[in-house]
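Enquirer: Sharing the features that TrEMBL gives for it:
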ACT_SITE  D192  active site, charge relay system
ACT_SITE  H223  active site, charge relay system
ACT_SITE  S378  active site, charge relay system
DOMAIN    186-425  domain 'Peptidase S8/S53'
SIGNAL    1-20  signal peptide
Amino acid sequence: MKLKSVILSSLLFTSSTLSAAIIKPINGVIEQVDPVINQLEPRITSQVESIRKHELIDDATAIVTSLPKRLEILNQLQAPAFVEVDVEHGFRAVERQWIMLANEQHQAKLLQIGAQIIVTKQYTSLGLSLVRFVVPTNYDSKAHLQRLLSLDDAALLDRNHIYQAQNGSQQDASTKKLTAMCDWSVKIGMIDSAIDTTHPGFSNTQIKMQSFLANDLVPPYLHGTAVAGVLVGKYGQLMPLLSEATLYSAAVFYQQSDFSQGATLAAIVEALNWLVANEVPVINMSFTGPDNAILAAAINATAAKQVTLVAAAGNEGPAALPLYPAAYQHVIAVTALDSQNRIYRWSNKGDYIDFAALGVNVMTLKAGGYLGRESGTSIAAPRISAAAACLSAKPNASPKNIYQALQQQANDLGEVGKDAVFGHGVIN
């Protein structure tokens, strides 16, 4: 129904019991507002169409990225590698697989109940010794295992959870070029998918890659290429944030579907250990998942080595619960803005948000040799990581000093001071 028709119908209904003397001046008012209505109608229609378009995109994104409750992951030979399943609180994990601090007595008890020990491994750089194992179905809960092993809630025991790359849906916004953070020879690390290093945008970059994909899993390249493209890519109009950096890329993500990538907790711990061993001062983590005792221990061990950790806050929306590793104390959580400093519509919010950065319609490299645009907190986090990497090259740099320097550089947005939407503000 036309806007003018709606207003006329409303006025006539309201005035049906009024006298003709009152209706006559109403007709005069309608003649005066008629041009205004004609101007407003296409604008309102346009806004409705825009909102509907975003709803359709969001619905389509939710459909294509949703995963079955039980998913068999195949390797490159199309043979089963493992099964991932839905677990507590809507997260995912490798089926019946757990990780805990290694202890011979505990391992003996696990064997008594029919558990299978997969591996016991020393993570020397993190100072952790962990055992990964599979339990029988009737022991597949933290409460059961804690009782069996006489562990309290603080014990280092948790599922081998799956963490998700933060793929954002596109959002219309005016474009804005990223400018270089510094041209110093710095080290920076990223834990993500593999990178398409054949892309011409990486032809003059220094990238050291290490894969932590077990069982010959299929490595995706899209997400890691986009994140690396923001950091060090140079192609056409795209200029790198860090033109002289050496990028240490730890590949942990495998292909879940055509639209989703997952990483096991075990692979992430391996990646952190490798990056610490290579003395990388700043690590970008554009993925999210559940709070996990083993991940928390690995993050704390990494931070204790004076490494600055940066993570995407998440693209689950403002009402979502905190996501990790971004919500850990020793991690800088980054939210996304558009070029007008408006918050990305699907950004998580909460007290753990530290800084905001451009993360909507950002130009970057695409796997396969292309240039494109990406949106989401995954693409905002590298900007803060790049700023931290530049600060890490200064004398007496430490995670604490770097954080304080970022606070001083931030332009406050929203409520005065740190808030749950923008953190301390935007880093430009």
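Positions of Cβ are set from backbone N, Cα and C atoms, glycine also.
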Enquirer: Can you give the mean pLDDT for the domain 'Peptidase S8/S53' (186-425), rounded to a whole number?
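Expert: PLDDT averaged over the stretch: 98.
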Enquirer: Any same-chain residues 6+ apart from D192 (active site, charge relay system) with CB under 8 Å of its CB? Would you list them in sequence order, or say none?
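Expert: Set apart from D192 (active site, charge relay system) by at least 6 residues yet with Cβ under 8 Å, we have A165, H223, G224, V227, A228, S249, A250, A251, V252, F253, N284, M285, S286, F287.
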Enquirer: Counting other Cβ atoms within 10 Å of each Cβ, which of the active-site residues H223, S378 scores lowest?
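Expert: Selected from the active-site residues H223, S378 on minimum Cβ neighbours within 10 Å: H223.
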